[in-house]
Amino acid sequence: MKILLVFDFDNTIIDDNSDTWIVQCAPNKKLPIELRDSYQKGFWTEFMGRVFKYLGDKGVREHEMKRAVTSLPFTPGMVELFNFIRKNKDKFDCIIISDSNSVFIDWVLKAASFHDVFDKVFTNPAAFNSSGHLTVENYHTHSCNRCPKNLCKKVVLIEFVDKQLQQGVNYTQIVYIGDGGNDVCPVTFLKNDDVAMPRKGYTLQKTLSRMSQNLEPMEYSVVVWSSGVDIISHLQFLIKD
């Protein structure tokens, strides 16, 4: 009888966006205007592919990118939260669903020794190619028109829960911890006992409060957080029952 904790990464686990943070590795810490202007809505991963190519062409190496990414600050209280989860791992399964990439998330978790806290990470697969450039691919294809073309977090969540069910793991509750616009879709999958935990002042929280004002049907409860310590309090309350 476990609770499933689902985490977003950027602006949730870390207190910034790893994709925009990496720009500090560029010459003069900025991208050329034509590259910046090449972003099209819904095609962020393709855009980041061009950014990584540009960095590689400018001679930015893996170790420099790694140094930048591992200097990303954790969101307040996250370190305490992960230590709490680790102590109570018999009660929680823990996954990340993120629009970042596998290399960045791996670097951050390994540098802080939090790899063992997470059972699975779902994100855009990335790798350094033979010329030392970081390349990134779309996580999957999907038909959801609400989400960017590379990742629908709801599809990922449903597939994971179904797969676990086939292996005899049935979660008593899902707690979804996120901040952004692309976290709205997976939250709509949540049911009666589940909890949506949006970060205070961010897009997900604003969207959910607008949805409740419009009296849209929401079976799940909403608990807002500012720090990982707020999340610990709520998880303690959940496992106390």
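Every residue gets a Cβ built from N, Cα and C, even glycine.
Annotated features, as they stand in TrEMBL:
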- D8: active site, nucleophile (ACT_SITE)
- D8, D10, D179: Mg(2+) binding site (BINDING)
- D10: active site, proton donor (ACT_SITE)
- D19, D99: substrate binding site (BINDING)
For the binding-site residues D19, D99, D179, work out the Cβ neighbour count at 10 Å and name the residue with the minimum.
D19
From the centroid of the CB atoms of D8, D10, D179, the recorded Mg(2+) site, which same-chain residues not already listed sit within 8 A by their CB, in sequence order?
F9, N11, T12, I13, S98, G178, G180, D183, R199, Y202
